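Only one structure is covered here, and it is reproduced in the block below.
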Amino acid sequence: MVYGYARVSSVGQIDGNSFEDQEKLIKSNYPDAEIHLEQGSGAKERKVLNEIMDKTISGDTIVVTKLDRFCRSTALGLEYIERMRAKGVKIHILNMGLIENTPIGKLIVTNLLAFAEFERAMILERTQSGKAIARQKEGYQEGRPKTVNIPDEVKQKVDSGKMTVAAACRELGISRSTWYNEMRATRVK
């Protein structure tokens, strides 16, 4: 049996990592593959992948498009690979090839996993550095603004029927849900 595993960390993920892109790539190599989809951060437990690994038997193959879709850290990747090797299950990472059960195959995978983990650490470091620089700038606010200040004259126009909520939202550059949330919040105060 061939199991295709596709994972995204967010809906609409780009860079060839969307569910559709991954599924298409797996199906182009393994048309009969049973595709399993999982959404969520790689930092959390991968329930779908663990279910696949639990039900595999000797001779089965797990197919993923890229190494980072399969595992997050070197240690976890090696644990998964060893677990599957012990069961006689092959792992095919499409942009790398079939992971062979040889010493050189293990060496290559270990190095690739280490570089993938290093790349994630560098991205995190750059993100943290960028946030630290932004925090030093005047007027910086992390995340979304907590509230929107809707002018009283706009509220009055909407209340009197001279303006629709949609028109007021366009004028203020906010969504309708933001408008209603703000109206609800100001009534509570």
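Any Cβ shown, glycine's included, is placed from N, Cα and C.
Since the structure is predicted, the reported quantities are computational estimates derived from the model, not experimental observations.
These come from TrEMBL:
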{"type": "ACT_SITE", "residues": "S9", "note": "active site, O-(5'-phospho-DNA)-serine intermediate"}
{"type": "DOMAIN", "residues": "1-138", "note": "domain 'Resolvase/invertase-type recombinase catalytic'"}
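Around the Cβ of S9 (active site, O-(5'-phospho-DNA)-serine intermediate), the number of neighbouring Cβ atoms within 10 Å comes to 15. The average pLDDT for the domain 'Resolvase/invertase-type recombinase catalytic' (1-138) in the predicted structure is 85.
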